[in-house]
Amino acid sequence: MQKLIIFALVVLCVGSEAKTFTRCGLVHELRKHGFEENLMRNWVCLVEHESSRDTSKTNTNRNGSKDYGLFQINDRYWCSKGASPGKDCNVKCSDLLTDDITKAAKCAKKIYKRHRFDAWYGWKNHCQGSLPDISSC
């Protein structure tokens, strides 16, 4: 019985671990979450320069705010550091750090709808006019 409980805990922990995507793995995941094909190279570039395709990535900014996950979503405006979902995306920041990118994708699309790619410095500084090749994906 004790072995069964330990096995169940291991399975639960593995299911919520972070993930680092390959470039094509990221493309497939973004397609699965309904990202527009005509913007795909922009999204891939953004994610590569913001988080290196790592869902567990965090970054503390000079102003004390923190960015979370694949899309480096900021806690000042978009996600709540507390135990309850909140802010503009109505999501907990910790939910943006798992291998299930559903909530992160939904929030990133909301940010894009409001600010386009200009909301992300990784895109502004690295992706304008220089997008990755995803033709083999």
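Glycine is treated like the rest: Cβ placed from N, Cα and C.
Taken straight from Swiss-Prot:
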type	residues	note
SIGNAL	1-18	signal peptide
DOMAIN	19-137	domain 'C-type lysozyme'
DISULFID	Cys24-Cys137	disulfide bond
DISULFID	Cys45-Cys127	disulfide bond
ACT_SITE	Glu50	active site
ACT_SITE	Asp67	active site
DISULFID	Cys79-Cys93	disulfide bond
DISULFID	Cys89-Cys107	disulfide bond
Cβ neighbours within the same chain of Cys79 (disulfide bond) - under 8 Å, at least six residues apart:
Tyr68, Ile73, Gly86, Lys87, Cys89, Val91, Lys92, Cys93, Asp95, Leu96, Cys107
Write down the Cα-Cα distance for Asp67 (active site) and Cys45 (disulfide bond), rounded and given in Å.
17
Top Cα neighbour of Cys127 (disulfide bond) in the set of recorded positions Cys24, Glu50, Asp67, Cys137:
Glu50
Calculate the per-residue pLDDT averaged over the domain 'C-type lysozyme' (19-137) and state the result as an integer.
98
Counts of helix, strand and coil residues, the domain 'C-type lysozyme' (19-137), according to DSSP:
54 helix, 14 strand, 51 coil
Roughly how many Å separate the Cα of Cys24 (disulfide bond) from that of Glu50 (active site), to the nearest whole number?
17
Counting other Cβ atoms within 10 Å of each Cβ, which of the disulfide-bonded residues Cys24, Cys45, Cys93 scores lowest?
Cys24
Suppose we draw a 10 Å sphere around the Cβ of Cys89 (disulfide bond). How many other Cβ atoms does it contain, all chains included?
23
How many other Cβ atoms sit within 10 Å of the Cβ of Glu50 (active site)?
23
So which of the disulfide-bonded residues is most packed in, judged by how many other Cβ atoms lie within 10 Å of its Cβ, out of Cys107, Cys127, Cys137?
Cys107
Just to verify a number: CA distance, Cys137 (disulfide bond) to Asp67 (active site), in angstrom, no decimals.
28
Between Glu50 (active site) and Asp67 (active site), what is the CA-CA distance rounded to a whole number of Å?
9
